[in-house]
């Protein structure tokens, strides 16, 4: 069954679909980034880290070699310096002994040999120091002009390669974004088209069609001339005669079956009912136009009988009302019946297709017994035939109800001035203006039923508009409400009570949005309003 949706809701769903596609493109970009950008950068960063570590290690080795050369040069320098001081001391000692007249020739010769030895050692250390100095200077020049520049050049080249890689990754990111731009543009265009598809007129018309009741506006109130008993000699052409002729207009009909319904701008005004006479008669019209007397009884006695006999009949009426949607307004009832007929027709088509398939299979089995037993298909075929008959009966019944609703809608203007029926209203019963009166001495005139099977009980339920709230309730347990006519509720949800439990374990409730249905009495905590005019007490 296709469900009509507001264009704003359809546009919102379309935008969500476009957003889903948009998010999918973002996922594509993320995957591209993970593989081409992030993953590549992580691998390249690891390689760069290893290469940089190698270059730094080479620089440390070059620095260590230069330090070693400097130490060798420094050691040779210290040794040369020390030997020079020793040679200077040996020379001073030789000169002192040579100038000393008391020194022996042997001492002088010994001092001379020591001087020559020290001088020779100083010359050797001088040559070694000069060689080490020259070597250090060469290594230092090589270190600062060849080795270290080469290492810095390698580090520079490595960093340049890193920069180039970053540039490639940036370009890869831009390319991944550029690839999805056409699809994202289409998504955005789809969102704009979805926004432009919103039709406020169509949405308003859908609301009107959804809540169209089929009721007509109330008619004019008749003039009630209270001076007719004073001016008894006035001719028939006076206004009192007009009142008598127009007095047959039903008060209950003129209020448009408003039964306490809350309008958008407040409660509907309630007309006053004429006083009830103790000897009022309940009459009904036959198809040939004659009227017959149903009963003539005192109001109190009738009230007690109505209360006693009304209780066992209410559950059966409730089931019937839920089945034919008579509790709904005419237009809504017509839509519900049409939807049910469409569903039944689809089910009937399925059963018919299944019957045709079974018959074909049965023919095949009869022609080729080795493929199967034709008798094994007989139970399923009989079940399918029963389902077809049942669905046809349901369709016929619902079509009759639909014809009745369409007939009522078309002929409503002709029935507005039908014959009157005096209806007794007692305490706890419903008044025509939509409230419940406490006055037992009131009388209401109502139109007769147009059905062939008319009884006094149907008059109490001929209105399809929502009943006034007589209290509220709170759901103690959740209720699914899968059955037709029931109302689903969540735990802790607050609902309006429009009918109390009548002994069958079900209470009629209504949400704030107007949705009505029956809920289990044991599942709710009921709080009734003591002063509510809609309160009904069933004994």
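Along the chain as shown, the residues are counted starting at 1.
Here the Cβ of each residue, glycine as well, is placed from N, Cα and C on the backbone.
Which of 334-368, 369-403, 474-508 counts as coiled coil depends on TrEMBL, and there it is 334-368. Among the residue ranges 31-72, 73-114, the one that TrEMBL annotates as coiled coil is 73-114. Sequence-distant neighbours of the coiled coil (73-114) (same chain, 6+ residues past either end, Cβ-Cβ under 8 Å): 121-122, 124-126, 128-129, 131-133, 135-136. Along the domain 'SH3' (468-529), the predicted structure has mean pLDDT 88.
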